[in-house]
Amino acid sequence: MNSQLKLSQLDRLSFDNRFVRELPADPETDNSRRQVIGAGYSRVLPVKAPQPQMVAYSREVAELLDLTPEDCESDDFLQVFSGNRLVPGMYPYATCYGGHQFGYWAGQLGDGRAINLGEIINSRGQRWALQLKGAGPTPYSRMADGLAVLRSSIREFLCSEAMFHLGVPTTRALSVILTGDEVIRDMFYNGNPKPEPGAVVCRVAPSFTRFGSFQIFTARRDIELLKKLADYTIRTDFPYLGEPSKEVYISWFEEVCRRTAEMIVHWQRVGFVHGVMNTDNMSILGLTIDYGPYGWLENYDPNWTPNTTDAAEHRYRYGNQPQIAFWNLGQLANAIYPLIGEIEPLQKAMNVYAETFEQSWQSMMGGKLGFKVYEPATDDELITELATLLQLVETDMTIFYRHLAKLDIRLASDNAGEENLIAAVNAAYYVPEQLTDEYKTRMASWLRRYLKRIQADAMPDEIRQRKMNAVNPKYVLRNYMAQLAIDKAEQGDFSVVNDLLELLRHPYEEQPGKEEFAAKRPDWARQRAGCSMLSCSS
Ligand code: AMP
Ligand code: MG
């Protein structure tokens, strides 16, 4: 009786698969790797998971789908979200897209290991697309197997939920489930393949359409299909812009520029480095998508990238993310040019990116520093000097801002000594020996100027502190923390995954007893694989 009840909840999900209804299907139905021409997607079934086992699920995402914790803990949930059972209304398919990888056009890419299950309409009328990542090969799998390993699945699951709770636009993750199969991976592409546990993540987003989804059709001169996808996207995800027309295509592109700018400002605020900002990894909705070899800035270093595949060029380094997003938007502009036929409005829209970025970045930095309003005349210089100081010695960005919020305003008038000032941010330094007298004098002088600046705002200390703490997280998914969760999970203990999920639900709050996770990266993690070095192998 009970299991029938649970079963019926998943069976009652209400599907409305608009994407497959409105875009042309691949006429070939065999699941062989190939170029798929003239189609938006190919039908494909997930492979069976021999022994699905729950690692973790997100109750907030479950709620979006009108599922209760009880539903998520049922055996039926395991069967459905590991890909073993299709519920009525599901229509599995993989989409076709292309992209620029590391600056070069790569041709067809597509959902090589993502299988869409369909779009559900929840009780609030919201549309949510469901996608299994790691559920087997598709026509777009190229040389690879279509599977995913536990470590990268945990990283995607935890980070997308952490980003959501930080207030960063992102795709979501419902669950991570072990399949019971082994997957062979050469983690660093250095001739050491080994079997690893396979897993499937169920991702959830209004849409998974990427810049590269448009690029592929233009590259193939299939303008009819380009227009179909653009019209579909505008009608489904940007209906407030009006019925598709030349003007609406332009305002749509402007909106994509605006949303992308906002997303990147959030990344810079929390210290998130995506690691693979290829155009196929850029969401048309301005969501963070495709969590692969991403990382979190620990010591502030604009040149840092977690991705070993990008070690030579550092194309996707923290400090370059705003420029890369702009470049990627330029590629999207090229792709939709045939719908508009004029360059000027596209260039104007690109300016919208630059302007939105500038404005949002200033208000974000003003927020991080606790200013009432960002005043370029004084604050530009203050921030430039801070960025220099943060790099002069290894300084943990997240800890620095939380401690700055606690800085006592009385230190401004007390003729406070250098030592007192530095002590306030001391917890953020990795290598105390780096703190030379010259550095200390320079930092103390910056702190004095900063205190004068906030004195001028005359905001009560507690209010400033509260405002700063609402935008400067205390807890982020430090790279080593994800690795701790993975190490345990690989031994069959999922408690750390679930503890971190809980911790990262409240990233801005003080969480007594959890301080160890707000501390600096431990020394052992400095050079360990998975903590400071990651590759695309996942
Ligand atoms: P990524 O770098 O993860 O964004 O992936 C780039 C392309 O490679 C996309 O088309 C992916 O679907 C595909 N891909 C990555 N890993 C696999 C895999 N294990 N099996 C099949 N396709 C994959
Ligand atoms: Mg990708």
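Using the three backbone atoms N, Cα and C, a Cβ is placed for every residue, glycine included.
Just so you know, TrEMBL annotations are computer predictions that nobody has curated.
Sequence-distant contacts (6 or more apart, same chain, Cβ under 8 Å) of D280 (active site, proton acceptor) comprise Y97, G98, G99, H100, Q101, A106, L109, R210, F211, G212, D290. Per TrEMBL, active site, proton acceptor is recorded for D280.
If you look up TrEMBL, you'll see G110, G112, R113, K133, D145, G146, R203, R210, D290 marked as ATP binding site. A sphere of 10 angstroms centred on the C-beta of D290 (ATP binding site) encloses 22 other C-beta atoms. In the three-state DSSP assignment, the secondary structure recorded for D290 (ATP binding site) is coil.
Residues or ranges marked as Mg(2+) binding site by TrEMBL: N281, D290. Around N281 (Mg(2+) binding site), taking its Cβ as the centre, 22 other Cβ atoms fall within 10 Å, counting all chains.
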| said: Based on a Cβ-to-ligand 1 distance below 6 Å, what subset of the binding-site residues D145, R203, D290 would you report? | reply: D145, D290
| Pairwise CA distance, R203 (ATP binding site) versus N281 (Mg(2+) binding site), rounded so that it is a whole Å | 14
| request: Quick one: of the recorded positions R113, D145, R203, D280, N281, D290, flag those whose CB is under 6 Å from ligand 2, and say none if nothing qualifies. | output: D280, N281, D290
| field | When distances run from the Cα of N281 (Mg(2+) binding site) to each of the binding-site residues G110, R113, D145, the nearest one | value | G110
| Tell me which residues of the chain lie with their Cβ under 8 angstroms from that of G110 (ATP binding site), as long as they are six or more apart in sequence? | V36, A94, T95, C96, Y97, G98, T138, P139, Y140
